[in-house]
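Student: Feature table excerpt (TrEMBL):
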BINDING   B:Cys111, B:Cys210, B:Cys244  [4Fe-4S] cluster 1 binding site
DOMAIN    B:111-257  domain 'NADH:ubiquinone oxidoreductase-like 20kDa subunit'
DOMAIN    B:277-357  domain 'Cytochrome-c3 hydrogenase C-terminal'
BINDING   B:His282, B:Cys285, B:Cys310, B:Cys316  [4Fe-4S] cluster 2 binding site
BINDING   B:Cys325, B:Cys344, B:Cys347  [3Fe-4S] cluster binding site
Amino acid sequence: MVKIQKTILSRVEGEIELKLIWEKGIIKDAFIIAPNFRGFEFILEGKPILDSLIITPRVCGICGHAHLMATVNALENLYKNAGYNIEISKKANLIRLITLSAEIVQNHLRWFYLFVFPDLLKLETYTEDLSEYIPIKGKQWQKAIDFSSKIVKVIAIFGGQWPHTSYSIPGGVVCDPTTFDITESISIVDSMIKYYEENIIGMKYENYLSIEDYKEFIEKSDKDLSKFLKLCFKHNLHKIGKAYNRFLTVSNIYPIFSQGATKRKKYNFNIKKLEEIDTYSFLTKKGIDFNGKKYSWAKAVRYEGFPYETGPLARRINNKDKLFLNLLADLKDTYIPRIWARIDEIIKLLLAMKKWLQEIDIKEPSYIKPKKNIKELEGIAYGLCEAARGSLIHKLEVKEGKIKKYDIITPSTWNLGPRCEKYLSPAEKAIIGLDNSLIAEMVLRSFDVCSVCTTH
Amino acid sequence: MQFFSREHMKNIFTKPTNYVDTNKGEKYYKSLYEKMRKRLDELKAMKPVREHDIKFEKALDMWELSRRDFLKWVSATTALLMLPPTFEPLVAEAAEVMNRIPIIWINIQDCDGNSEALLRSSAPTVDELILDYLSVEYHETLMAAAGDQAEKCLEDAVRDFKGKYLLFVEGSIPVGMPEAFTIGRHPETGVERVQRLAKDAAAVIAVGSCATFGGIPAAYPNPTGAVGVMDVVKGKPIVNIPACPHNPANSVGVIMHYILTGELPELDSLLRPKFAFGYRIHDNCERRAHFDAGEYVEEWGDEGAKNNFCLYKMGCKGPFTFNNCSIIRYNDGTNWPIGVGRGCIGCAEPDFWDKYATERPLANSDIHPPGLWGVEATVDKVGLGILTATAIGIGIHAVASAVAGKKEETK
Ligand code: SF4
Ligand code: SF4
């Protein structure tokens, strides 16, 4: 008998619904429904170009800063496409990287403790003492909140506030940090590194970075990440959540993220190979349509016609990270590597942030005025950015000083979008075949669900 | 209680009605003190919302907070509410009986930015302790429960605390296109959800620009027909705490005020609490001296920018925006937009996405700010007038030094 079950996944940024079709106790089909919509693309249309700098960060309260970066990149790309060179000082570039990384770090940390651990608590009822991870009351939960609040202060120092900053503009940044600001940021990053070593990996980061195999790590560590992994193996979670084994990363952040699309082999990313499909989406090229088989506000996005997974695991793979190539060989693209990649990224970003902070030369200009007024430009441009959950793309069309069209493809669109005629989205694929709805929710959550971003 | 149509609101918005009357005299404060004393005694006699709730002292301990951290927070909050320092013991007591007031927090068309802001509030983490200690019966992002279990928590809370809970709403409500927001196993639209939950609430508190005035979703052409809470909820007291994101100090302030008095704080014509929105950004801006001296940033990156000159000519909307972020700042008082050289965008005012958010200086536009007789003249007169009001002077000073104190601590 076929049974249809609808679950609402809260405890995400906004809601996502998961509709499961069961047959003989097995999930036969899964639909990821993004039920909420605000209409950012319509709101941006017809507005003066620079308004986008204020509006797009509000797409999401968690990764708004990445949206700002994508917009700035798109506006700078507009100059380039119109034949004008745009110059950015090294200082401005470093500051942008630092703030972007801080946002990613806060996200991963919070997600691990606030969203991932509570699921494990449910699986573990009464069998082991995990009181430290209980939401709101648990020590480790509280620490995660504390430290994720701490790292966003770095964004506030350079960007004024978090969430929702708008301090970056085509040509650079508006802030002029002092040595004091930089020292303060370094000390925050240092305290984060120490927290990470003592609580998450349970060893010096140098030792952690040389680990190439999960067994070795589990043996050497007894802190949160290791506890998490042990629980995963205990509950057989190393076999669940396999998606397509195709990974996409759209921009470079040397030396930690490298652009590329990997399916078995790595290829260069080419924006022209990307396509949005609205067969199952309420939002279509012709307008809004609630008919028939349509079930989500999100659109499907395909690269060379295929669905790709984006996000930290994709970044680790495209960056040819030894540990993750091994994990992929041992465990495939499943629950554990997907989650571990997010935790792993934290330390890589923190170390890079520290280096970047030390490299800032405050004597350099923060802003170099572009040769041409942006209001005189026309054309099509792309803004690419790596956000916490993966690759973010803004496409912009400008005419007569106004935004003619604005298209936003968020990481969640790649991972949690609806299906197309041929393929399910990576998260839908990863859920099919499971036999337990809690586990299905956990697999969905391993993609770091963000519904406000998915639909915008 | 007053209700306003959108048009009417816009009219009011152009009038100078906001300024808070802070010098209320000794007699006023004396009777207020007695009133609060009585209310606190009543609350103390009541049981906590949840039987098994922990004692405040123990909660302090659990969060590794010292009595000193807590007292610092108390003095900042007292100042924020524009109460004289003699009220500090009452505020401290109020925090300790916070678990008598149940809170339900829902999200409609939102970006989660306000919940995020709440989580990112003050370190030492007294506000987080408050969150823990406060009886938050339902909050999507924070609660452990998910899915059906979460829905059940919500229904239980509504049943158990009928007429008693404060309903916090984040995000706008799409009345023009109900399909833009549906939730639940038995799909409920945004309007239905807000109206149903508001019906049994003691009061409704709209947080963030979306829940108050429709925010970004309501920007032209308003694709989903988004409106704020006060457009769909009638017959209930409503407090608006706009800004994008709202400052968590202000929502904690409203809760504290409610605990202390059993009433909502004094509101302005847009239903914003006067303690927070009773003066403008510009009145307490750190760049104000440059404004007065006529020293402006003329272009991003110029000498003026390097010297922290006034951002008015770069489009700063501080002279027309009522809010307290020039004092409270963001992320535990770390900074605020003007601090990094980006002007204020006016996010606490209605419809700011269409009329304020741009870089165009207001002097060049045809927008009539909530000043009196034109731009420049007003800015000075009103600004100076307010700064000399004693109580607000004390309030501002105390908040500023409490925030500065916190900054010292974290170094
Ligand atoms: S007011 Fe701003 S912060 Fe709040 S939900 Fe709306 S867009 Fe997000
Ligand atoms: S115009 Fe803006 S920057 Fe200038 S003093 Fe006023 S609030 Fe501050």
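Glycine is treated like the rest: Cβ placed from N, Cα and C.
For each listed feature, how buried is it and what is near it?
Tutor: In the three-state DSSP scheme, B:Cys244 ([4Fe-4S] cluster 1 binding site) falls into the coil class.
The residues of the domain 'NADH:ubiquinone oxidoreductase-like 20kDa subunit' (B:111-257), classed with DSSP into helix (H, G, I), strand (E, B) and coil, number 65 helix, 29 strand, 53 coil.
When secondary structure is read from DSSP and collapsed to three states, B:His282 ([4Fe-4S] cluster 2 binding site) falls in the helix class.
Listed in sequence order, the residues of the same chain lying 6 or more apart from B:Cys344 ([3Fe-4S] cluster binding site) and placing their CB within less than 8 Å of its CB are B:Ile281, B:Leu311, B:Cys316, B:Lys317, B:Gly318, B:Thr321, B:Pro337, B:Ile338.
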Student: Do you know which of the binding-site residues B:Cys111, B:Cys210, B:Cys244, B:Cys310, B:Cys347 end up with C-beta under 6 Å from ligand 1?
Tutor: B:Cys111, B:Cys210, B:Cys244
Student: Measuring C-alpha to C-alpha, could you say which of the binding-site residues B:Cys111, B:His282, B:Cys285, B:Cys310 are within 10 Å of B:Cys347 ([3Fe-4S] cluster binding site)?
Tutor: none
Student: List, in residue order, those binding-site residues out of B:Cys210, B:His282, B:Cys316 with a Cβ under 6 Å from any atom belonging to ligand 2.
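Tutor: If the test is a Cβ under 6 Å from any atom of ligand 2, the answer is B:His282, B:Cys316.
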Student: Near chain A: which of the binding-site residues B:Cys111, B:Cys244, B:Cys285, B:Cys310, B:Cys344 have their Cβ closer than 8 Å to one of its Cβ atoms?
Tutor: B:Cys111, B:Cys244
Student: Sequence order is fine: just name those binding-site residues in B:Cys210, B:Cys244, B:Cys285 with a Cα within 10 angstroms of B:Cys325 ([3Fe-4S] cluster binding site).
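Tutor: Matched binding-site residues: B:Cys285, sequence order.
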Student: Looking only at the domain 'Cytochrome-c3 hydrogenase C-terminal' (B:277-357), what is the model's average confidence as pLDDT?
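Tutor: Averaging the confidence scores along the domain 'Cytochrome-c3 hydrogenase C-terminal' (B:277-357) gives 89.
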Student: Within the domain 'Cytochrome-c3 hydrogenase C-terminal' (B:277-357), how many residues are helix, strand or coil going by DSSP?
Tutor: 32 helix, 6 strand, 43 coil
